[in-house]
Amino acid sequence: MKDYYIKNVTQDLDGKEVTLAGWVHNIRDLGGKKFLLLRDKTGIGQIVVDKSSPSFQEISDISQESVIMVKGVVKADNRAPNGVEVHAKEVKILSKAKSPLPLDVSGKVKADIDTRLKERVLDLRRQEMQSILKIQNITLKSFRETLYKEGFVEVFTPKIIASATEGGAQLFSVIYFGETAFLAQSPQLYKELLAGVVEKVFEIAPAWRAEDSDTPYHLAEFISMDVEMAFGNYEDAMKLLEKLIYNIVNSVKNEASDELKILSHNLPDVKIPIKRLTYKDAIEILQSKGYNIKFGDDIGTPESRVLYNELKEDLYFITDWPTLSRPFYTKSKDTDPNVSESFDLIYRWLEIASGSTRNHKREVLEDSLRKRGLKPENFEFFLRWFDYGMPPHTGFGMGFARLLVMLTGIHNVKEIVPFPRDKKRLVP
Ligand code: AMO
């Protein structure tokens, strides 16, 4: 067993014997001595193997990325990385890597995204990718902690479902005991039902969409961070989302400063309240900039870029979307049936979350389904629960990979997700 991680081997251990293990990051051969850079999950350290060591022969043809275990003595040396090196007494090769490698893990030789995704396990070993995984973990922890503090219960909803929730297209079908079923596009209807039981619920789980377009922000399989709460409206949902974003950004700032340095990324400054802009205002700004856009049209990435240039805010909400541009469960405003109590949270030009006040009356839901050409009978499993006492409720869904665009500065969700799924990729 190894007894130290590289980061913990410091000058205080001078003269002590340690056992380390990891991947051979680099090899320098000086004839009578070999310098190995050894990498583990905490960093990179220097191992010196002297010709006089019995292990010198063992590693004569050692290759980069081979996995080794080293027993040796720590020696303080200010010339070495971290101010220490380990003089090996024994080196064991646990797994030898083929040479040459199809991808340079040190990152010196750059590879295109297709090669990187094809050789993904090597690519993930790069420090940038490991930094993303760490930031990802801090984000999940902060999200959960804030919600637990607010009294939310973490739930799991079914992922094999009978009907579309977010509109008909984009569904993956599966054969379910001889019948056609679908992979969930979101946990929407089930999280609503559970909020009608324990009032405050959240779920972090995969969702699937058969996205046809190949963009840097769409995946066929993505992790959705979903929140749903009873006895509240979209204002309450936006307030909670602000708090979550504020805490996440601060956790990453405090706990991942090294990783942010590796990624050369500056986090946005989250000012609460986050700026709110109505859809109508957004359309007027776009029209004033010469865009041929009218009430009811979508505000896509190109239009959001214009808004970002105009607002100069890293984060903003676009609220009060046209009712018919949102799914059937979205409540419209009491003062105007054409406008809904809904919002998107935008990072610069990228939608990272979207939410609304929900319809909680059966007849309104039925009417809303019909207006969208959907049949209430297909949603009976959902609608019937509204006959037995359903509180008003609200919530939102946030794309985890898109949130990580904001937290890592990497503007391609396929680079962020370890094993992305899109139209072209089912392996690795
Ligand atoms: P929506 O469809 O806007 O809303 O999705 C919520 C959030 O999920 C992310 N997202 C995606 N991320 C990566 N790849 C995709 N293909 C993809 N599609 C969506 C986005 C988006 O903001 N049920 C509602 C949410 C709610 O009202 O609670 C919903 O699914 O970041």
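Each residue's number is its place along the chain shown, starting with 1.
Glycine residues also receive a Cβ, built from the backbone N, Cα and C atoms like all the rest.
Bear in mind that TrEMBL entries carry predicted annotations, made automatically and left uncurated.
Marked as site 'Important for tRNA non-discrimination' by TrEMBL: PRO81. Look at TrEMBL and you will find 133-428 tagged as domain 'Aminoacyl-transfer RNA synthetases class-II family profile'. TrEMBL lists GLU166, ARG209, SER354, ARG358 with the feature L-aspartate binding site. Positions annotated as region 'Aspartate' by TrEMBL: 188-191. Summarising the annotation, TrEMBL assigns ATP binding site to ARG209, ALA210, GLU211, GLU351, GLY399, PHE400, ALA401, ARG402. Annotation comment: TrEMBL describes GLU351 as Mg(2+) 3 binding site. The annotation Mg(2+) 2 binding site is assigned in TrEMBL to GLU351, SER354.
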Who are the long-range neighbours of the region 'Aspartate' (188-191) in its own chain, taking Cβ under 8 Å and residues 6 or more past its ends? 155, 157-158, 165-166, 201, 203, 226-228, 327, 329, 379, 382, 395, 397
Averaging pLDDT over all residues of the region 'Aspartate' (188-191) gives 97
Just to verify a number: CA distance, GLY399 (ATP binding site) to SER354 (L-aspartate binding site), in angstrom, no decimals. 9
Among the recorded positions PRO81, ARG209, ALA210, ARG358, PHE400, which have a Cβ atom lying under 6 Å from any atom of ligand 1? ARG209
Of PRO81, GLY399, the recorded positions given in the record, which has the fewest other CB atoms within 10 A of its CB? PRO81
Integer Å value for the Cα distance linking PRO81 (site 'Important for tRNA non-discrimination') with ARG402 (ATP binding site) is 35
Residues near ARG402 (ATP binding site) in space but at least six apart in sequence (CB under 8 A): TYR217, TYR347, LEU350, GLU351, ILE352, VAL413
Of the binding-site residues GLU166, SER354, ARG358, which one has its Cα closest to the Cα of GLU211 (ATP binding site)? GLU166
